[in-house]
Amino acid sequence: MALDCLLLFLLASAVAAMEETLMDTRTATAELGWTANPASGWEEVSGYDENLNTIRTYQVCNVFEPNQNNWLLTTFINRRGAHRIYTEMRFTVRDCSSLPNVPGSCKETFNLYYYETDSVIATKKSAFWSEAPYLKVDTIAADESFSQVDFGGRLMKVNTEVRSFGPLTRNGFYLAFQDYGACMSLLSVRVFFKKCPSIVQNFAVFPETMTGAESTSLVIARGTCIPNAEEVDVPIKLYCNGDGEWMVPIGRCTCKAGYEPENSVACKACPAGTFKASQEAEGCSHCPSNSRSPSEASPICTCRTGYYRADFDPPEVACTSVPSGPRNVISIVNETSIILEWHPPRETGGRDDVTYNIICKKCRADRRSCSRCDDNVEFVPRQLGLTECRVSISSLWAHTPYTFDIQAINGVSSKSPFPPQHVSVNITTNQAAPSTVPIMHQVSATMRSITLSWPQPEQPNGIILDYEIRYYEKEHNEFNSSMARSQTNTARIDGLRPGMVYVVQVRARTVAGYGKFSGKMCFQTLTDDDYKSELREQLPLIAGSAAAGVVFVVSLVAISIVCSRKRAYSKEAVYSDKLQHYSTGRGSPGMKIYIDPFTYEDPNEAVREFAKEIDVSFVKIEEVIGAGEFGEVYKGRLKLPGKREIYVAIKTLKAGYSEKQRRDFLSEASIMGQFDHPNIIRLEGVVTKSRPVMIITEFMENGALDSFLRQNDGQFTVIQLVGMLRGIAAGMKYLSEMNYVHRDLAARNILVNSNLVCKVSDFGLSRYLQDDTSDPTYTSSLGGKIPVRWTAPEAIAYRKFTSASDVWSYGIVMWEVMSFGERPYWDMSNQDVINAIEQDYRLPPPMDCPAALHQLMLDCWQKDRNSRPRFAEIVNTLDKMIRNPASLKTVATITAVPSQPLLDRSIPDFTAFTTVDDWLSAIKMVQYRDSFLTAGFTSLQLVTQMTSEDLLRIGVTLAGHQKKILSSIHSMRVQMNQSPSVMA
């Protein structure tokens with residue numbers, strides 16, 4: 001109450017500006033003690049004001065004497081921090097014309113001066129009497145003067161004048177009055193300054209504020225919100241003008257949540273049973289249905305037991321409950337497809353956002369145990385968040401029992417500690433056709449044929465009788481397609497046109513009929529030039545083979561002759577000269593060999609020889625997609641004459657480059673231009689005759705492999721991942737056969753197109769690893785920069801880069817792919833990685849990695865580089881895995897490789913975690929933090945009781961993420977069982 005009264009007082013007192021008096025002669029009861037010079041000038045006398053109060057005044061009237069210069073100096077006046085001073089003077093002046101015989105020197109005005117100083121410097125003995133040290137304020141003239149008649153009638157006409165001066169910076173000042181021939185009386189002098197008063201405005205208190213140094217000055221005053229009020233938007237402030245008045249309000253305060261305004265000067269707490277949710281709300285409101293606020297100042301009403309409020313529900317909305325289960329389920333089974341229909345729940349919980357989730361479980365024949373359905377089961381329109389009471393489920397196993405739980409959920413189901421209400425239905429599927437073939441690979445191609453291979457479907461659902469292949473030219477539609485059949489999982493398609501791209505699909509057939517066609521994949525026949533080039537490359541090999549055959553026959557004849565003559569010539573001298581051996585190089589005669597562009601005397605000649613110059617008018621830049629070592633990378637389009645427009649990636653050379661930077665930039669084009677393989681990034685050409693200089697390559701829609709895998713964690717099958725690895729290995733096989741060593745093979749340098757085809761890229765860094773000083777991936781070794789985690793030990797120690805060291809790097813890429821882009825060696829330092837490798841430690845298998853693939857990784861990581869497989873062997877091994885998917889069923893474990901020490905990414909010590917947030921951060925699943933907390937899993941003890949159905953219910957739908965979280969929960973449960981105190 002006292003505070004409210006104070007605020008009301010401040011508000012009422014804000015009507016007028018405040019004046020603080022520094023000196024007022026009207027209040028003096030003794031002599032003023034001012035200094036006059038000369039003594040015959042100003043005279044202090046006692047008098048009466050208009051109210052007959054006794055006052056001390058000064059008067060002067062030497063009008064009959066010429067050359068008057070009478071000074072009156074006040075005592076020292078302390079300015080008290082004021083910057084501008086006001087002086088109010090009340091005085092009377094005799095009219096000169098009313099004085100008889102007055103000389104012409106009679107005046108009716110006087111001058112006002114001031115002098116700043118930090119201390120008292122003027123006394124009666126040491127006063128200064130000249131205009132020099134003073135600053136003149138003004139010449140003061142009377143508005144009215146009095147005459148002899150007025151004087152006789154005691155009618156004094158009093159003048160009041162106010163003058164201001166400033167800015168002042170010293171501690172105080174003196175005032176001086178100069179008379180130079182007037183007959184006047186200085187009745188009173190009041191010296192004061194102005195300030196803006198304390199005020200309450202917009203629920204904020206503003207303190208007393210002095211005016212500025214100038215009459216036009218505006219002084220900012222920051223306001224303070226009254227109790228239980230808060231600022232809105234910008235900081236609240238007012239401006240104090242030169243007249244001591246408030247103006248230009250900026251910002252405001254309002255009563256905070258739980259408080260409402262009272263008389264515009266106070267914020268009162270909302271009473272029990274009411275609430276105010278935000279500052280913006282006008283006043284308190286009654287609690288909505290199924291909620292209450294037992295105490296005052298409630299910003300929100302809490303829901304009663306069994307009722308909840310969704311995160312997106314405003315506080316004004318009533319609390320609601322969870323729905324009951326769906327009703328009256330109807331199922332329709334068609335081979336391996338099912339249609340489920342049901343009626344909505346009887347109770348919706350008071351909400352209209354009811355949706356449905358389908359939980360699929362595959363069971364044993366006796367239904368005593370069930371497990372989560374495979375990831376390839378398809379739900380139409382979707383599995384989670386269904387808005388209609390119908391779903392179509394396909395790609396189920398044939399002759400298999402299933403249980404489907406249909407959950408009813410609404411916006412508050414995640415708030416309930418209990419699982420959603422559901423209804424279950426048990427179903428057994430019928431005989432079905434095989435599933436789709438996952439992928440196809442090109443074995444070889446001629447001008448008029450293509451040879452393809454593929455693995456059998458993951459769900460054959462019986463014995464595969466044969467395969468049907470559908471193909472057509474890409475420029476046509478599938479209505480013009482042709483068909484071919486094969487008894488095996490390979491086929492040669494003949495009768496094709498040279499240089500054409502064909503779209504191919506394949507499907508398997510069992511006694512139940514044909515399965516669905518596989519996804520569309522594109523393959524191209526050779527052009528006439530390709531065929532002749534291949535023939536030219538193979539001709540020397542054929543000739544060499546024929547020559548070798550002739551030599552072999554001649555050798556046999558010669559040996560027989562020598563043997564027949566051996567006895568006759570046994571006594572002849574034995575030749576003592578040794579045969580001379582000459583090395584002719586590793587490549588077979590006629591094989592295309594990579595040429596280092598830096599062996600050219602003029603590197604620009606290599607660009608002209610290996611890269612096609614493109615007119616810049618054929619190139620259209622669209623958007624920035626990244627930044628490279630030399631400049632920005634763009635997505636664009638290329639339209640060459642006579643060819644269709646295609647999307648391309650455009651690397652540019654930034655402005656201000658040196659000639660060396662230009663050569664280094666274009667060297668990558670000189671390297672890429674020598675390669676022609678479906679798993680090597682294709683160079684379209686270069687632009688060197690205009691600015692900026694550009695390297696134009698094919699556009700890869702899915703970007704770098706490592707980030708692509710992380711974005712799609714758990715969404716690819718093992719056979720799809722093996723298909724990606726096979727493509728990378730095929731590209732590296734091609735490079736190794738050309739005697740090209742990549743040196744920087746890693747998932748970040750593999751690009752992925754829209755068909756999941758992987759292509760080796762980034763040939764610019766392979767020569768200049770030592771020049772990179774910024775990327776932490778590349779660590780110093782022997783004066784250079786090396787990507788330690790991907791590099792073979794001999795390359796780290798001795799900079800010995802070979803195709804065998806690329807094989808080591810390929811093993812790391814395999815590990816990256818099977819772990820969906822996880823960082824090799826995790827958070828180990830580069831030096832720890834080097835030490836571990838030297839001690840023969842190797843990476844363990846990623847989660848759910850087939851044992852055959854991990855064994856291939858270990859083969860690639862043999863310490864003896866000569867013991868590592870060649871890329872041709874790796875391609876053959878992967879092809880066998882693709883043809884026989886059963887070989888990938890066995891999952892690798894650390895204990896399965898006793899002869900090889902493996903690094904063990906230590907399981908986090910769950911006893912060190914105190915919150916669910918800490919645990920999710922440790923296992924890199926922090927994106928699900930809100931889902932866990934919203935669903936009520938707020939402690940680690942509750943988390944250890946979670947199942948796969950719980951994860952699905954809270955929104956963890958990716959299989960890879962589910963496995964990772966469930967594996968961590970299992971480890972946590974084991975640790976907690978071993979340390980019971982953790983559960984406390």
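A Cβ is built for glycine as well, from the same backbone N, Cα and C atoms used for every other residue.
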* Structure fact -> Checking Swiss-Prot, the member of Lys612, Lys639, Lys643, Lys651 that binds ATP with Ile625, Gly626, Ala627, Gly628, Glu629, Phe630, Gly631, Glu632, Val633 is Lys651
* Nearest to Tyr928 (phosphotyrosine) in three-dimensional space, by Cα, is which of the glycosylation sites Asn334, Asn426, Asn480? -> Asn426
* Name the residues of the same chain, 6+ apart in sequence, whose Cβ is under 8 Å from the Cβ of Asn334 (N-linked glycosylation site)? -> Asn430
* To do: Take the Cβ of Tyr928 (phosphotyrosine) and count every other Cβ within 10 Å, whichever protein chain it belongs to.
  => 18
* Asked: For the glycosylation sites listed here (Asn426, Asn480), which one has the lowest count of neighbouring CB atoms within 10 Å of its own CB?
  -> Asn480
* How big is the Cα-to-Cα gap, in Å, between Tyr600 (phosphotyrosine) and Asn480 (N-linked glycosylation site)? -> 51
* Structure fact -> Integer Å value for the Cα distance linking Asn480 (N-linked glycosylation site) with Asn426 (N-linked glycosylation site) is 44
* To do: Run through the domain 'SAM' (911-975) and tell me, per DSSP, how many residues are helix, strand and coil.
  => 46 helix, 0 strand, 19 coil
* Determine, from DSSP, whether Asn480 (N-linked glycosylation site) sits in helix, strand or coil. => helix
